[in-house]
Amino acid sequence: MRLAAESSLVFFVSHFYFERFFSFVMVAYTLDTLFASDIDSATLFYSEGCGPIRLVALSAQMRRLVRLGPIRVAKACVEVRPMAPTKEFFEEGRQLQHIEAAGVGDFPDSERSGDTFVNPFTGRLTPTWGRVAKELFSLGFEHSIVNPFRLVWNPTKAALVSDAALQPFRTSTVTWRRNLAALLSRRDAADAVGEEIHRLYNEITSAYLPPKLDTMHDPRLSTMTMTPDQQNVIRCALRGYSMFIGGSAGTGKTVLLKAIHRKLTEMGLRVAMTATTGVASVQLGGCTFHLAFGVPIKGEEGTRKRWDSNAFRAVDVVIIDEVSLLDAELFETFEEEARMARLQQSPFGGLQVIACGDFLQLAMMDVSIGGPCYQSHAFRHLIPVCLVTSMRQAQGDPFCELLGQLRVGKFDKKAFKALDRPVSGDANNVTYIFPRRCDAQRLNDEKLCELRSEEMIFAPQRGPLQLVGNFTPAGLVDWGRKKDFPKREKIITVLSEEIKRITGVDIVDHNIVVMPAGGEKNAVLIRLRHSEDRNVLICKNGGSKEHGASNEGGAEESHWRAILEATAGRLKGKLHQIYNQDPHNFIPPSVSLMLADASLHPNAELISPLRLKLGCRVMINRNLSRTVSNGSVGIVEAFAAPNLDLFPRRHETSPKAFHTWSLERNGFQRLPIVRLLSGEVVQLPPLSVMIGGTPSTYFYGHELFVLPLQLGYGFTVHKVQGLTLEGTVVLDCKKFFECPHLVYVACSRVRSMDQLIVRNVRSDMIIVRQSALDFTNALRDASVMSSLDPPDGCTRASWVRRLSPLLVGLTD
């Protein structure tokens, strides 16, 4: 769609949500107020599917290019109308909130950082050409030279600020303006303003570590020996450099990431262990990249999801496995969002990013859309290295040489002819790999139907609805039948002011939860979210006490009640009651609907009932102990009552108690006993997966108890990427579709040629993406010490400054 615009108009796009529905309104504002020069034309580009929306204002110098995020616009929901800018637009910048929400990108860093900054008094992204910015600059504020996202106070201009200049701030109805006027009127303003700005920016970037980013160490690492190239990479990572770790299949990339995670966390750093696929995230013991940072899913209609700013601020290091499945545009957006969330201009906002993967394995489905990840500008901030020592196959093994040829696109007809042989031995020890999911599912169903033994169906058990995190008791505030029911933004503003007045603490907006009270038409439940070690309700004048101190409970309850009563009074409402636990009928029905949707889309496999029979072949899909891991296969020998002695042990101590909720509800009266190919016999307990717990569900969620098992006869190549398979593996390429590196990934899942059988393969199926091959060949050999010297201009993570005495150099 193309819109021709007059020279005095520029179009902004904003979106508003109501429950599950949304609409888009394009509003035109006069251009003369916003830009110093005329615009020749303005064009709005949008995608029918999931492409990004871009607003392009063209002049002689092409003044601005603002990307408004990957959201879908329905034609029927679009309205275009010109209107004049209002006073509130310039005073509050509310119409520009879409810039903060979606991020600012697609134009050079120097241009962007010079055009916008974060207002410390509102936490919003503010354009330098707007009225708010001009007023702040006139009062002595200016861009920080070190960090253009921030403002600094020039005390030499304090004497130049007159009472007349402050008068509009004193009489303003906006709270932050009045507070700023009072601050500038103080005798010690020269020092107080700078201190207040520093404190406010610290509040904006404050964060807590969410449970999804809390990853345990893998106890199996203590028995593993790192190769020389792995040790070199660890040394480089401990110096704070961002890196890309490449290497062929079986070179120990996942093991290396776990070792880096352990070293960095032992230094006191907070590390996000993520992967782009569910299988890879299970191998790491972390979570998916999209879940960790709230990545909006392309193509989802009506999505309300935004990047999780708290996650960016809560960690020091981000580890991303299987990064080849991220395209250049998404990786670029990730880097921009990190800088915006952390208010730092350095690459990734000062985060250390350790990406890992093999671009000669499976990548995203359509690389032509955004280009591979390594073609992004952000990827240049990573030191590229390559692991060269194989841990899956022995060096000099003919099979290792065959894989090396496949990796670069060479087809050995004689070798593959030898691999096309009949299956021998026990058919239960055979895993079939297919290019397409439907073929794998069909084989699993057929094999299960062939068995005439006892069958059991294990349906996932849902835990009770619960709040995920640490919260204050909820206060029920009611406005009866009054028509002037305040908006959520107004409630948050007044509540923040009362918390500041009573406790002396500033609260970040995202820690305030305002939830409609179920069937009550004009009532809300209000609570605060806080970290485990800090409860703002017992703070006074900026101080804090340890949670759990003496008489803390009484002080907390007293302060919280006073805050709620004052807030309700100012908003002409009434505080009815404070609940330690929300009444079930007060939880909005939309919460259950959202949780149902959250379960159906990303966790469809988890919520589907699992059918098992005695004698069926299964694969374990979680890392449960040193010897029972994701990819282990075995045969179901029995169904029996839970026996703790048969549960896999992650440590040498007694196994963790079985889920008490499951026992109480008798959700799993019998559990499968599996004999693994190694001979070990284990009983598989249900594991819990948390669904929800996000702002869209008012932080409500529930546990889903599922068995960490799946039928183990057939899988797709995409499903087993990153796994080492046991027993005989049969690859059937009969229904092959054009996909680079597919055959190489499938063949490299085993340790030896004796395990592999390949059928219906042809030379034209061996496809290698040339650009990926060129990139991989240019990687530095990690086994050579000098290759890890950082290039000129390579920056280190911001955590280096505070932990410099603990750093380990390459020469140590």
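Cβ coordinates are placed from backbone N, Cα and C, and glycine is handled just like the others.
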Where Swiss-Prot places DNA-binding region among the ranges 27-47, 741-761: 741-761
Which same-chain residues, if any, lie at least 6 apart from Ser248 (ATP binding site) yet have Cβ under 8 Å of it: Asp358, Leu360, Ser390, Leu403, Gly404, Arg407, Ser748
Spatial neighbours, same chain, of Thr254 (ATP binding site) - Cβ under 8 Å, 6+ residues apart: Ala280, Gln283, Leu284, Asp321, Cys356, Gly722
Other same-chain residues whose Cβ falls within 8 Å of the Cβ centroid of Gly247, Ser248, Ala249, Gly250, Thr251, Gly252, Lys253, Thr254, the recorded ATP site, in sequence order: Asp358, Leu387, Ser390, Met391, Arg392
Within the DNA-binding region (741-761), residues counted as helix, strand or coil by DSSP: 9 helix, 4 strand, 8 coil
Winner by Cβ contact number (other Cβ atoms within 10 Å) across the binding-site residues Gly247, Gly252: Gly247
Mean predicted confidence [pLDDT] for the DNA-binding region (741-761): 89
